[in-house]
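If you check TrEMBL, you get these features:
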TRANSMEM  20-39  transmembrane segment
TRANSMEM  76-97  transmembrane segment
TRANSMEM  109-128  transmembrane segment
TRANSMEM  135-152  transmembrane segment
TRANSMEM  158-185  transmembrane segment
TRANSMEM  206-228  transmembrane segment
TRANSMEM  252-279  transmembrane segment
TRANSMEM  291-309  transmembrane segment
TRANSMEM  315-340  transmembrane segment
Amino acid sequence: MKASTDRRGVLEHRTSVRWTTLVVLLVLLVVTVGVNLVLGQYSLSPGEVWNALAAGPGDTSETGANVIWQIRLPRIVLGLLVGAALAVAGTLLQGLFGNPLTEPSVIGVTSGAGVGAAAAIVFGLDFLGAATTPVLAFVAGILTTVLIYRLSSMNGEVRVLTLILTGIAVNAVAGAAISFLVFLAPTTSREQIIFWQMGSLNGSQWNQVGIVVVPVVLCLVASCAIAGRTDVLSLGEKAAGHAGVNVPLMRFAIIGLSTALAALAVSFAGIIGFVGLIVPHILRQVVGASNRWLVPLSAVGGALLLVLADLAARTLIAFADLPIGIFTALVGGPTFFVLLRRMLKRGGTV
């Protein structure tokens, strides 16, 4: 009886911590968005921001209102979507592979998208107007993941280790292709490719938000819906199968959702590394490893991280817009090293 009471107390405490974490993240997110609206090359007072928001998007004749509605808000909203997408993609893949070092680049999305974007820039493709580069990046990212998945399939079965090793090989080939395209490119295009590879939200527009918002939200909802069932995969494929989980179908769903989320994010914001590594790792230390909670919390945490990184990118150096990837790498590199050391100390394998 005492053991049952103790267990109930532990569960109640854990649930309380998870709800508290969610509330704290949401409050921090709202505050960070507010600070993003105020600070920038054209500084605004909180009162000016409030008046512009209250007036709505219809009247942007004043400079402050135009800055809010046409420059900062689309950039913030796109950052929220991209951050949530990358963090959830990383969380799902870590749950699938049972490895906290995994992030979307493993399944080839980022390298494939890089090839598509570089090709569009080098050859001056514009058959879809301004959307040409993002669309080609998205399609190339999806096709690269499909290629990796097909090459990893043996007798109709895909093993995790084979998938990772195939991803490494294909990523290397894609990296060589990007390097070759950079070599072919004129100076202006070369700089554009390199800047795209470092990730940025500069130049975000409402039409981009309109393209990405529906598929990202649908993928996030689907990810939250299957999150609870992915916890069973941590027991091993056989145990998960005995528990009633269709393991091949679940694996396909996780890879499909992760690919779509990462490809959507990368196609519009460039390659922003480590978001799918940092956020799940930090939250796992606070709320535990249950994906039922980790996936939705990662969505909020990823959005918060990217908006914070974008704030630093816009304001750290006057009249400069730094790549976001610089800041996520500064945090992600040490995080990766800490995770690696911890796994090796426990006698685990990478």
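Just so you know, glycine gets a Cβ as well, placed from its N, Cα and C.
All TrEMBL annotations are machine predictions without curation.
Away from its own ends, the transmembrane segment (135-152) comes close to residues 107-117, 119-120, 125, 128, 158-159, 162-163, 166-167, 170, 174, 255, 259-260, 262-264, 266-267 of its chain (Cβ-Cβ under 8 Å, at least six residues beyond either end). Contact counts against the transmembrane segment (291-309), taken as Cβ pairs under 8 Å, peak for 76-97 among the stretches 20-39, 76-97, 158-185, 206-228, 315-340.
The transmembrane segment (109-128) makes contact with the transmembrane segment (252-279), as judged by at least three Cβ pairs under 8 Å among residues 6 or more apart in sequence.
Take the transmembrane segment (252-279) and the stretches 20-39, 76-97, 206-228: counting Cβ pairs under 8 Å, 76-97 has the most.
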